[in-house]
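Before any comments, here is the structure.
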Amino acid sequence: MIIESIKQLSDSSVFDYYSIETISELELHLRTLVSLIEIICKSEIRIRHELREKIYAQLKNFAEIHFRSTEVNEQGFNKVFKSKFEDFNPSPKSTTLLDSDVSNEGKVYKDVKRNYNIDFLLLHLRDTLHCMRDDENKFLEVWRRTKELLRKIFGIAPGLIKTGISHGADLLIDNGIELLFKNLQETFKWKYPISSWYYEWRTLLELNFNIQNFLQECSLCPNYGESLLFECLWHCVSKSWSTPISNSESLTNKKHFVNNLLGMEPLAFPHSLWFGALDITQELITKTQRDSTLGICYYLALESLQKAPSSFIRFKAKEVLIKLSKRKTLFYDIIEKDFNNYKQSLDSVKRLKSHQMIEAIRKKSFYDEILVDTNKSNVNDSKKKGKAIITDSLASPRAIILSGDSITDIIITELSCPITYQISKTYQILSCCKNFISLETLQRIIDKNPHPICPLCRKTIDLNSLINLPQSEIFQGIHNHFIEDNYDVQDHNQNTFNENSDEEINISKLKSQQKFRTSNSIRRKFFKTPKFLYSSLRKKANIAYKLGEFETAINALTEILEEYPTSYSLQCYRAKVYIECNKFHEALEDLDSAIEQKPNKFEAYLLRGITYFKMNKYKESLDDLTRSLEIEPNNAAALGHCGITYYMMKEYDESLWDLTKSLEIEPNNVSVLNHRGIIYYMKKEYDKSLLDLTKSLEIEPSNKSLLDLIKSLEIEPNNASALNYRGIAYYMMKEYDNSLLDLTKTLEIEPNNAPALNYRGIIYYMKKEYNKSLLDLTKTLEIEPNNASALNYRSIIYYIKKEYNKSLLDLTKSLDIEPSNKSLLDLKQSLEIEPNNSSALSYCGIAYYMMNEYDKSLLELTKSCI
């Protein structure tokens, strides 16, 4: 039955047309054929030479179908399809036409829609067929040798003598995976030549297919299989990206891939092993039930994308990430952000290529799911658009907020030593309870007791039954991603607390595990409380602070301070959180202690100055802020707080000086802009004041503190300038009723005040009092004929009153003054144009013509003639 299925799948004539859908169908077809041939490879069945040759001959037809379908997919953009292997790894000195021709965004670049999975499957089939023979099954021999080497790596080889922890010297620990691939290469002695990458690729395949059976034979946990497989995947991928490719290897010849595929020389794409490792990673994403496995898959694909030397690898890395984003909500937003960051790091042409490739992969994913999804109703429009249909869609919004940290937390929680909570390069599986602990931890336990007791199950550890679990490749691959956040208040000289620990853990989960595994007394007997734990508590405090969960942050920091009671940075940090909770006396206790320890450091003085300010103790506040500026004279925060404190003390000249200097260093500080704007107002420098308030509102439109400041102003009853100022300020903050009152009072004192007339005219327009608005705007234009704002609004009012000629005159003049004026757009959005009003349509058509929008103009004018 298997042989008959292989014969049917080997027939390429079933693909008698080319289309976009054909690409996904062909990939599924080839994957099914590959799976059946792999079953044959692992059984006692032999495929006769004639059938192998028939399958081999069909590969050329499958390749032709692949290329022609890709050509159809790109039809209209790249009509001539030339398969050049140098496209996948171009020489730095050569630039293709597509690379040099930067055209409009509608252009579709060559190969961005290519499904490289098909190329890889064809190469795999070719070399696998070359390896098959009539007289023997070489693949069974490969797996037999693999099992022997795995037993040595795990330390369970028959007759292997182990003497305490030193047995590691007799085993393949640090370089075990590398030796596994090197020694197995001697097993591959084939009748026909095969590609150099296929040796290691076949080893990966054998591990992927057989590792669970091997672990079952050894009575080991199935989870260890994924760990060992990842060790091999990281080894192959890291080796690939660190190995330069020569010209011969990169297939710089210009023969068509169809011909190369069946040529005498076993050619292959550069980094085919890398591609294959990512393909197994994609399979793991679908099968695994472990969150830590998904996390490692994420980092493997992300590293591959960032280091990919060719479209071949970039395609696969992106496909793996897209697959992962659909598996779990945790990854979706992170991967979208990663894609955006990656594209932003490219130049404009490569950015467009990358975007087109990602969209093409999303579309491919949609068709793939249709082919394999038995419940077609689940494949909806959102999937067609490339959006993730995520299996755990009920994840809370907070889980998504914390997702960036959770990936790291999940990995370290599951992969770290349960005793020290740290990741190691090598672990020892204990026969007594089948748990694992790090090699370093075990050594420390043995140093304490020559007859060591397991701290997890309290049984004696049999040193001769320990099993090795190497993870050095995984450790090297992911440890760079475990970086602590930068904290607002730090003490880089404090050595008792490591700000840059490479490991992070999920505290709540580890504490829960610890409760069942080992008591505190047992742990303290062997170990001092690790700094790693407190680094993670600091991480927890930092996240809680950002989320506004101040009590949680205080509790975490308090727990650390119990171990490090004199830490300057921790005391400052907890004081900052206390300030947010209005617990000023507790904050002062921490800050007094910090200053007593380090009287020449800046942070504690600044925070204590802020604390006194919030307690309305302005003199004490000013003393501390002044001291902080003696230490750091150009600190924008200290200058700003000092300026605001002077303002509260009504010392406006000193306040203005500090606020101005603060804004020179940090020009977008809203609070400082607000206070300087008010001081300018008090000094009757209204233009400067409005500039500050305008900039403040641009940065923070819903600025309630500014509104409170404006309302608190005491204005002389007949001060037209002050009234006008406050009226315009209210207008900018959309307080239209208050603005109207002040502007009306201004005009009672100064009837020809053009700004007041203009703003009042606009407010009347917003209140739909069009006649009043028209009077104010017309009077404004008598005083300031080139006021574009007044012209815009008057043109709209004329339009509403159906005086189209007048409206058009105002609009024309407005566009002469400001050619890029958006008034017409605002007009069309704010008015409901009668569908059959020919005058209105004609008006819009002429306006579009003046703005050089000829297509839109023609459309409107055509409608007006109907």
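Cβ atoms are placed via backbone N, Cα and C, with glycine included.
What TrEMBL annotates here:
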REPEAT    568-601  repeat 'TPR'
REPEAT    602-635  repeat 'TPR'
REPEAT    636-669  repeat 'TPR'
REPEAT    670-703  repeat 'TPR'
REPEAT    720-753  repeat 'TPR'
REPEAT    754-787  repeat 'TPR'
REPEAT    788-821  repeat 'TPR'
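Secondary structure counts, DSSP: the repeat 'TPR' (602-635) has 26 helix, 0 strand, 8 coil. In the predicted model, the repeat 'TPR' (636-669) shows an average pLDDT of 91. Helix, strand and coil counts from DSSP across the repeat 'TPR' (754-787) read 27 helix, 0 strand, 7 coil. Per-class residue totals from DSSP over the repeat 'TPR' (788-821), listed helix then strand then coil: 27 helix, 0 strand, 7 coil.
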